[in-house]
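Worksheet: the structure to be examined is printed underneath.
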Amino acid sequence: MSKNIESHLSEDREFKPSKEFSKKARISSMAQYKRMYKESIEKPATFWAREAKELQWSKQWTKVLDWKAPYAKWFVGGKTNICVNCVDRHVEEGRGTKAAIIWEGEPGDKRTLTYQQLQREVCRFANVLQANGVKSKDRVLIYMPMTPEASIAMLACARIGAVHSIVFGGFSAESIKDRLEDSKAVAVITADGGWRRGGVIDLKANVDDALKGDKTVKKVIVLKRTENEVKMKRGRDVWWHEEAAKVPATHKARAFDSEHPLFILYTSGSTGKPKGILHTTGGYMISTYTTCKYIFDMRDDDVYWCTADVGWITGHSYITYGPMLNGVTQVMYEGAPNFPDFSRFWQIVEEYGVTIFYTAPTAIRAFIKAGDELVEKHDLSSLRLLGTVGEPINPEAWMWYYDKIGGGRCPIVDTWWQTETGAIMLSPLPGCTPIKPGTATLPFFGVDAAILDETGQECKANEGGRLVIRQPWPSMLRTIYGDKKRYKDTYWSDYSGMYTAGDGARRDKKGNFWIVGRLDDVLNVSGHRLGTAEVESALVSHKAVAEAAVVGRPHDIKGQAVVAFVSLRAGVESSDALLKEVRDHVGKIIGAIAKPDDVYFTQALPKTRSGKIMRRLLKELVATGKATGNMTTLEDINVVRNLEALVQKK
Ligand code: 6R9
């Protein structure tokens, strides 16, 4: 990370969009951006009402914003249906035969759904949900592979007012169980399996494990995808295709209140328990719509591809909702970027003529490592705009993306945002903002971002501080599901009335935001958030483990790798077999992405005299091989010296 900061400080390369790009873009000059930004901050009601009117509402709002910090209501009194806006609206307006989803499965199977076909599938599935007893405001857990049905399931929930809660397909049965307990979902939508690197992930078996002892789930709807054998529990489990065959392909949607809950998405924080971030309908709809329109500059003839999974917020906002609100054609891909090899993405870009491509820095670094030949054998000339998200992008990766993938002609939008913000907050506008490798540049419309020091003063240019948002925005989280106190304490207590993002950042003289990374104990592994406390609690749930401390270390491809220091219970001998067992245990409790890259068994952890683990020393140790800095509060310096020897030996 520190290497990144240094290269950021000396970064003077700057790129401007070509005249040709600007001419066609929605926002084509900085003057236009500044004018609109000013209005969005000074007169948010005027600005957002104009945007909201581009979509369909059954009843207009009476007030754009009702703000009693930290609670916001947007488009108060308005009624709408986000699914109708994503799907039916396009059919009604004559875009029914346009492709909505061009899908490719990992084994190479292909499917295209037009907006009209999508409408029929969504309507059918809305009927299936209702026939299976799902009602408005019921929570529905979705655990699916990346098939069109993942988006269909989300849209069908939204259509009937049910609240979806997606659990990423790479998470474990235990993770599903925790989320079920917290959300009290009444139904689960899953599949027999999903393809990943040539193998089948047995999704249904994980759901079965998670449901042992569960009392709230009444129905499990299972999509047939991989045809592997699954157990179906009588009365509880039903097949998607069998249920769909029983119901009509039309469904009359009703409108819901603008503040009707839309979804819960769990994300890691600084405690062991993930937070259920709650988003509601109207504001989220308008933010995802406008960010796609202005930042991805989506047009009728674009072929857009976001490589995320719907299990993450990026898949919610920039696969399902935002692109479909804009009626764009998008590519969806089921599997891994390196199956059968690292040219898979470029083959897909070439085959479908992708024009807008949105991915994560960790993927870009993996492509660089795999070698340029894999890129060069494909024609990528259809691309006109590139995007990144998930973590700070190192300038080297940015330049490679710009030159090798974008051919030096495609602007890159480096988009900073979070599960909590619902939509992109900081990003260049591709037709006007001068871009530099490594900065998410400027705030989007309505985003009053600033960097503050500990006393609440705004930092001077190039000084590091905490990133905050000083005014509410339409797609902001409304609460942590079932935990108002945690919502207030986590996001709104550092500075009165302001949202704290949890990221460190600085602004350069031109006002560009440079994100440094998380300030809390949250790691960013391959663009995914992972709480160190979460991994620690998984580790200590293993019978051999007495205590554990987890920190991140810089990693070439993942950004950060997970390092665990583990002390064993008395009488337990350390061994390679135990090491594997402990790693696998974390995989079983959370999911494969949380498996520690390095595990050090140690007699003791470095603690202060008051018993606090000194993570600062551990972080330094794994990054540099040595612990320096202030150790006066340390209980026993020998513990650190022993760990140094262990780490250096590796
Ligand atoms: C959308 C998403 C949020 C955290 C965020 C920050 C990091 C995301 C970034 C970025 C630098 C970017 N982050 N985008 N850092 N530049 N363009 O990733 O949501 O999974 O909730 O993670 O990711 O640290 O706080 P989420």
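Any Cβ shown, glycine's included, is placed from N, Cα and C.
Among the candidates ARG486, ARG518, the residue that TrEMBL annotates alongside GLY390, GLU391, PRO392, ASP414, THR415, TRP416, TRP417, GLN418, THR419, ASP503, ARG529 as binding ATP is ARG518. Checked against ligand 1, the recorded positions ARG518, HIS542, LYS612 give ARG518 in sequence order as having a Cβ less than 6 Å away from one of its atoms. Of all the binding-site residues given, namely VAL540, VAL545, the one with the smallest number of surrounding CB atoms inside 10 A is VAL540. Taking Cα separation as the measure, ASN338 (CoA binding site) is nearest to THR415 of the binding-site residues THR415, ARG518, VAL540.
THR314 (CoA binding site) falls within a helical segment according to DSSP. Excluding VAL540, HIS542, VAL545, which define the Mg(2+) site, the same chain contributes ALA538, LEU539, SER541, LYS543, ALA544, ALA546, ALA548, VAL566, VAL582, HIS585 within 8 Å (Cβ to the Cβ centroid), listed in sequence order.
The shortest Cα-Cα distance from GLY198 (CoA binding site) to any of the binding-site residues (GLY390, PRO392, THR415, TRP417, VAL540) is found for GLY390. Confidence in the domain 'Acetyl-coenzyme A synthetase N-terminal' (33-86), given as mean pLDDT, stands at 98. In the three-state DSSP scheme, HIS542 (Mg(2+) binding site) falls into the coil class.
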